[in-house]
Structure formats: C-alpha cells, structure tokens
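Report on the following structure.
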Amino acid sequence: MGLDFIQGGSADYENALILAGFGKFHFLLLTICGLIYANTAVGITIISFVLPSATCDFQMKSEDKGWLTAAPMLGMVIGSYFWGCLADTKGRRIVLIAALLLDGLSGLLSSVTHIFGLFMLLRFINGFAITGAMGICFPYLGEFQPTKYREKVLCWMEMFWTVGIILLPIIAWFLIPLTFRFSYEFTLGGAHISWAFSSWNLFVAVCALPSLVLGIGLYMFPESPKFLIECGETDLALEIIKDIYECNSGRNRSEYPVEVLKRSEKANSVMDTHNRSIRTLSIRKPNHLKILFSEIWDQTKALCKPPHLKNTILTCIIQFGITSSYYTLMIWFPELFDRFEEYEKRFPNTPASVCDVSSIVLDNVNGTLVDDFCGGSIDTSVYLHTLFIGLACIPTSFWLPLCVNRLGAKFFLISSLLLAGAVTVGLYFVIDSKQNLVLSCVFEALTSMAISTVYCVMVDLFPTNLRVMAAALSLTFGRGGALVGNLLFGYLIDLNCVVPVVIFSIMLFISGALCFFLPSTGSEALD
C-alpha cells in the first residue's frame with residue numbers, strides 16, 4: 001500500500017495499525033482473549049452444576065439455591081463499574097490480569113469449604129472478579145484491530161463462548177459422577193467441625209485453574225496502544241506497534257516506517273494538567289487518589305450527557321433485558337433437566353410442563369429436604385442435555401463473524417432477541433424433557449449470540465477513554481437484572497413459574513425493539 005498518509009514520519013493510530021499488518025500477533029491475541037471469554041462462560045455458569053450436586057452437603061431448598069445463584073451476580077453488579085473505572089485509568093492489561101488472578105484464587109478457596117455462608121461469599125468474589133475479565137477483554141482485543149477486521153475479529157469471540165459452554169458439561173460429566181469422598185473431623189475452640197471433599201469440590205477447583213493460567217499468560221502481551229495514546233504515552237505505544245509489526249511480518253522492528261504517533265486530540269486531561277500519565281498515579285498517595293477520583297467522576301458525567309447519553313441508556317436497558325433472561329435460565333437449565341428426569345422416572349409417559357415438574361420438590365419437601373431427591377447425583381442425561389445446548393451454538397457462532405460485515409451487527413441483535421423472546425414463551429408450553437431440550441438449545445444459541453454482539457457494538461459506540469467504563473456501566477445494569485432474575489426464579493419456580501417466564505420474554509422483546517435505535521457500527525476507525 002502507499003505511504004502517502006505518513007507526514008514527516010508520523011501517522012495516526014489507525015494508519016499505524018494498518019502498517020503493522022494483520023497476522024500472527026492478532027491471532028495470538030484473539031486466542032488468549034477468546035480463552036478468557038470462554039473461561040468467563042465457565043465461571044458464570046459453573047454454579048448450575050453445583051446446585052444439584054451440593055444440595056445435600058449444604059441442605060439447600062429452592063430459595064437457598066436462588067440465593068446461591070444470585071451471589072455471583074451480586075458480585076458482578078458491584079464489580080462491573082469498579083473494574084471499568086480501573087481499566088480506563090490504570091490500563092486494560094494489568095486490570096485484566098488482576099481480575100483473572102482474583103477469580104482463580106477465590107474459586108480454589110470455594111472448592112474446599114462446606115460452610116454455605118462462606119461458599120456464597122467466595123462465589124460472590126468470583127462474580128466480582130469474573131465480570132472484570134468479561135467487561136475488559138472485548139475492548140482490549142478491539143483496540144488492537146484495524147477497522148477492516150475489528151468487528152469480524154470481535155464476533156469470533158462468540159465461538160470461544162460456545163467452547164466454554166461445551167467444555168463445562170464435559171468437565172462436570174467427567175468429575176461429578178466420581179464416587180470418592182474424603183472426610184475429616186476435628187475440634188477447634190471447643191466446636192466440633194467436620195470437613196469433606198467430594199467430586200463436586202474437585203469440579204469447582206478444576207474450573208478455577210484456567211483463570212490463574214490465563215492471568216499469568218497475559219503477562220506476555222502488551223498494554224493497549226490505543227489506551228496509551230489516550231494517556232499521552234505515544235512513545236510507548238509506538239514501541240508496542242513496532243513489536244506487532246515484527247511479529248506479523250518477521251522483519252526487524254527498525255524497518256517500521258512510522259517514527260512518531262500523532263497524539264489524540266482527546267488525550268487524557270491528566271497529562272495536560274499534571275504533565276504525567278494517569279497510569280502513573282498511585283492510589284496510596286492522597287493527592288494522586290484525588291486526581292483519579294476526579295477523572296473517574298468526569299468520565300462518568302461524560303457518559304451521562306450528550307452525545308453519549310442516548311447510547312448509554314440504550315445499552316444499559318438492552319443489557320438488563322438480555323442478561324436477566326439469559327443468565328437466569330442458563331444457570332437453572334441443568335436443575336430443570338434434573339427435575340424433568342426425576343419426574344419422568346416416577347411418572348413415565350406422563351406429559352408435564354416446566355411448572356408441573358416442580359411439584360416433585362413441593363410434594364416431597366414441604367419445607368424440608370428428603371433423601372430420595374437430595375442424593376447428590378445428577379442423571380447422566382442432564383450432562384448430555386447441557387452439552388447439546390453448547391453444541392447448538394456452533395452454527396450461530398460461525399454465522400455471526402462470517403456474515404456480520406454483510407448483514408450488520410444490528411441485524412443479528414434484533415433478530416436474535418425477538419426470536420429468543422418467542423422461544424422463552426414456548427418454554428411454558430413444553431410437555432416433556434425433549435421439547436424442553438430443543439427450546440433450551442435454541443434459546444442459548446440466540447441469546448449468547450446477542451450478548452457477544454452487544455459487546456462488539458459497544459467497542460465502536462464509545463471513545464477510548466470511556467469505552468471500558470461504558471461497558472462496565474451496562475454490565476452493572478445487566479448483572480443487576482441477572483441478580484433479580486435468579487432471586488425471582490428461585491422463589492417462583494416452585495410456586496408460580498409462569499410469572500418469570502412471562503417477565504423474561506417481555507424483557508427480550510423490549511431489548512430487541514430498542515436495538516433499532518442503536519447506530520450502525522464497524523465502518524469507522526475507533527475514536
């Protein structure tokens with residue numbers, strides 16, 4: 001290509017990326033960001049297999065299960081904006097690493113506790129950490145991509161989410177049916193304490209390890225050059241782009257034609273006011289902390305007024321509608337499969353809706369647990385059905401990146417959400433486990449595609465200094481919806497389950513309709 005746009009050896013960020021080429025570095029970055037996204041799929045939905053497996057160890061009723069599924073969602077609500085503020089002030093990479101390591105450590109600790117309250121607290125910390133990784137990996141990946149490839153590369157992340165959804169039941173199927181159980185009893189401070197480690201504990205521990213590995217592996221990758229430019233650190237950003245050039249082309253970095261990166265006109269105000277990058281401010285120094293809070297407040301206000309206010313409101317409401325429906329139903333699907341299997345064993349060839357099978361719990365429990373339902377073992381078909389749900393996402397995972405440039409992200413958002421709303425209504429009319437499985441597969445394929453597409457769109461909707469914070473704010477609303485949804489579902493599934501089904505379908509229809517008002521994306525360089 002010609003180099004006419006280079007003036008005196010300088011170029012803007014978009015042209016500098018084009019000159020660095022698209023190749024090995026971008027594939028490696030997509031791989032690790034994709035694995036992080038797959039890991040978030042595992043981390044968010046892992047509790048769905050813990051519910052039936054740990055029922056007896058924790059003596060859980062449906063209400064307790066609702067609180068347990070809500071705990072990580074509450075962590076996500078609180079953590080989303082926290083990590084977003086950090087990522088837009090301290091950097092994408094270092095905050096992403098911190099979130100992954102915290103998730104891995106809290107996950108390992110939760111695997112060795114049999115105290116229900118402590119387990120809930122640690123799963124809360126898991127949710128707090130994993131939402132940071134989820135909210136940052138898309139902007140981090142997108143800021144390395146030239147406009148020509150950005151939307152398509154981001155859409156390939158949906159495939160990694162599908163991988164996570166497929167791997168989770170496979171891991172659970174391999175580990176949870178194991179029959180070992182290590183028990184130990186001891187006295188501490190006059191109190192008799194018993195501790196046990198069984199297959200479901202091992203399952204939780206194994207699922208925590210990828211976060212630690214990915215957090216350590218991310219040290220091999222650089223900070224986002226786009227973020228560094230916004231911080232006023234153009235020299236460091238140029239060095240990173242030279243490394244990308246060398247990795248992609250195999251040539252010496254000294255051959256890279258750009259000598260100076262043009263500074264962003266919207267560079268961070270901290271550089272102009274205090275002559276230092278915002279990344280160098282220390283939270284341990286009161287004057288630095290004051291500057292950080294001032295910058296965060298200014299960025300937050302910017303999201304809440306024109307020209308960003310419309311997009312902020314739209315993305316927050318859309319995220320609330322999608323996430324409340326998706327995470328609630330996905331986490332409860334294995335529990336519903338388990339109940340269907342139990343019902344069909346006791347009443348073979350007897351049609352039953354999702355609401356009817358809950359009578360198993362009500363008839364047998366009456367406020368307490370009984371041994372025949374809380375045996376701790378999950379029917380093999382539950383793993384198989386959950387695996388089918390993941391496999392059902394493969395067609396849409398390919399369709400999205402291959403056709404997004406032709407059909408547009410808005411097309412995928414609107415069509416997937418409206419269809420998902422119709423499928424949610426259909427869940428009320430199923431009469432057996434097979435129909436429940438088919439609709440569950442369609443629901444997962446459509447809603448997971450919608451969630452990934454929202455993340456892709458948000459990379460384009462907001463400027464670099466507000467990008468992660470905007471994603472975090474919308475995630476906060478989304479996780480708030482998931483929190484309310486899980487609590488609602490836990491209380492109503494055994495009492496009047498038609499209510500949450502109707503509510504979730506309405507939310508999906510509203511979210512789909514609101515997508516009409518989002519601007520088209522993917523055709524312009526990042527702001």
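Our numbering is plain: 1 for the first residue shown, then up by one each step along the chain.
Backbone N, Cα and C define each Cβ position, glycine as well.
Under the heading domain 'Major facilitator superfamily (MFS) profile', TrEMBL lists 27-523.
What TrEMBL records for 27-51 (among others) is transmembrane segment. Note on the transmembrane segment (27-51): residues 60, 65, 68-69, 72, 96, 100, 103, 107, 123, 126-127, 130, 133-134, 137-138, 140-141, 144, 153, 156-157, 159-161, 163-165, 167-169, 171-172, 176, 200, 203-204, 207, 210-211, 214, 217-218, 221, 247, 327, 330-335, 378, 386 of its chain, located 6 or more positions outside it, place their CB under 8 angstroms from a CB of the stretch.
As annotated by TrEMBL, transmembrane segment applies to 66-87 (among others).
Beyond its flanks by at least six residues, the transmembrane segment (94-116) meets 36, 39, 43, 57-60, 64, 68, 83, 86-87, 122-123, 125-126, 128-133, 136-137, 140, 194-197, 201-202, 204-205, 207-216, 218-219, 223 of its own chain at Cβ-Cβ distances under 8 Å. The transmembrane segment annotation in TrEMBL covers 94-116 (among others).
Summarising the annotation, TrEMBL assigns transmembrane segment to 122-141 (among others).
Annotated transmembrane segment per TrEMBL: 153-180 (among others), in sequence order.
Marked as transmembrane segment by TrEMBL: 200-221 (among others). Tertiary neighbourhood of the transmembrane segment (200-221): same-chain residues 28-29, 32, 35-36, 39, 42-43, 46, 49-50, 53-54, 57, 93, 96-101, 103-108, 110-112, 129-130, 133, 168, 171-172, 175-176, 178, 376, selected by CB-CB distance under 8 Å and a gap of 6+ residues from either end.
Residues or ranges marked as transmembrane segment in TrEMBL: 313-333 (among others). Nonlocal intrachain contacts for the transmembrane segment (313-333), taken as residues 6+ away from its ends with a CB within less than 8 angstroms of a stretch CB, comprise 44-45, 47-48, 51, 69, 73, 385-386, 389, 413, 417, 420, 424, 427, 440, 443-444, 447-448, 450-451, 454, 457-458, 461, 470, 473-482, 484-486, 488-489, 493, 500, 504-505, 507-508, 510-511, 514-515, 517-518.
Nonlocal intrachain contacts for the transmembrane segment (382-404), taken as residues 6+ away from its ends with a CB within less than 8 angstroms of a stretch CB, comprise 48-49, 52, 151-153, 155-156, 158-159, 161-162, 165-170, 172-173, 333-334, 337-338, 341, 412, 416, 433, 437, 440-442, 444-446, 448-449, 452-453, 456, 522. The transmembrane segment annotation in TrEMBL covers 382-404 (among others).
Within the same chain, residues 318, 321-322, 325, 329, 351-355, 396, 400, 404, 439-440, 442-443, 446-447, 449-450, 453-454, 457, 498, 501-502, 504-509, 511-513, 515-516, 518 sit at least 6 positions outside the transmembrane segment (411-431) and bring their C-beta atoms closer than 8 Å to a C-beta of that stretch. The feature transmembrane segment is assigned by TrEMBL to 411-431 (among others).
Residues or ranges marked as transmembrane segment by TrEMBL: 437-458 (among others). Listed as Cβ neighbours of the transmembrane segment (437-458) (distance under 8 Å, sequence separation of 6 or more from its ends, same chain) are residues 138-139, 142, 151, 154-155, 157-158, 161-162, 165, 315, 318-319, 322-323, 325-326, 329-330, 333, 337, 385, 388-393, 395-397, 400, 404, 409-410, 412-413, 416-417, 419-420, 423-424, 426-427, 430, 467, 470-471, 474, 508, 511, 518, 521.
Positions annotated as transmembrane segment by TrEMBL: 470-492 (among others).
Per TrEMBL, the feature transmembrane segment maps to 498-518 (among others). Nonlocal intrachain contacts for the transmembrane segment (498-518), taken as residues 6+ away from its ends with a CB within less than 8 angstroms of a stretch CB, comprise 310-311, 314-315, 317-318, 320-322, 324-325, 328-329, 354-355, 410, 413-418, 420-422, 424-425, 427-428, 447, 450, 457, 461, 481, 485, 488-489, 492.
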| query | What mean pLDDT score does the domain 'Major facilitator superfamily (MFS) profile' (27-523) have in the model? | reply | 82
